[in-house]
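Here is the structure we will look at, set down as C-alpha cells.
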C-alpha cells in the first residue's frame, strides 16, 4: 500500500497532542543545539562553515525518528532546520560578540544563509525520513514473516 502525498508530507491523521509533541521536539532540537554549541559540547573546528556537522547529525537522527514514527516529511524538514537555526543563533549571538544587535539579527536572518540551510534541510531531512520509514517497514515485514512462520509450525 503506497501512502498518498498528503500522508507522506504531514503524516497520518493525528491528534492535536501529537502535533504539539512534534512542535516541542523541534523546539527542543533548536534549544538543545544552541546549548550544545554554547557549552562547547559541539565544537566547530574552524574554516568556512556551510553546514555544521554536529547540527546536521542531530537533525538527521531526529529525521530518522520522524520517519520511523510516520510523522511526515514536513516534521523531518522542520526538525533539521531547527538544528541549523540553533547553530546559527549561537554563532550570531555568542560568536559575533563585537557586532550590534542589528548586525547579529541580520546574520541570523540572512536570506542566502537561510536558503542554503533550507535546501540542506529538504535534502538531508528527506534522506533521514526515508531511512526511518524504510527501517520501520523492514521491521514490520520481519515481524509479519516470523509471526506467520511461528503460526505454521
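Using N, Cα and C of the backbone, Cβ positions are placed for all residues, glycine too.
Remote same-chain partners of the transmembrane segment (21-39), defined as residues 6 or more beyond its termini with a Cβ less than 8 Å from a stretch Cβ, comprise 52, 54-55, 58-59, 62, 66, 71, 75, 78-79, 82-87, 89-91, 94. The transmembrane segment annotation in TrEMBL covers 21-39 (among others).
Feature annotation from TrEMBL assigns transmembrane segment to 45-66 (among others). Long-range Cβ contacts of the transmembrane segment (45-66) within its own chain (Cβ-Cβ under 8 Å, at least 6 residues beyond either end) map to 22, 25, 29, 32-33, 36-37, 72, 75-77, 79-84, 86-87, 116-117, 120-121, 124-125, 127-129, 131-132, 135.
The annotation transmembrane segment is assigned in TrEMBL to 73-94 (among others).
According to TrEMBL, the transmembrane segment annotation covers 114-135 (among others).
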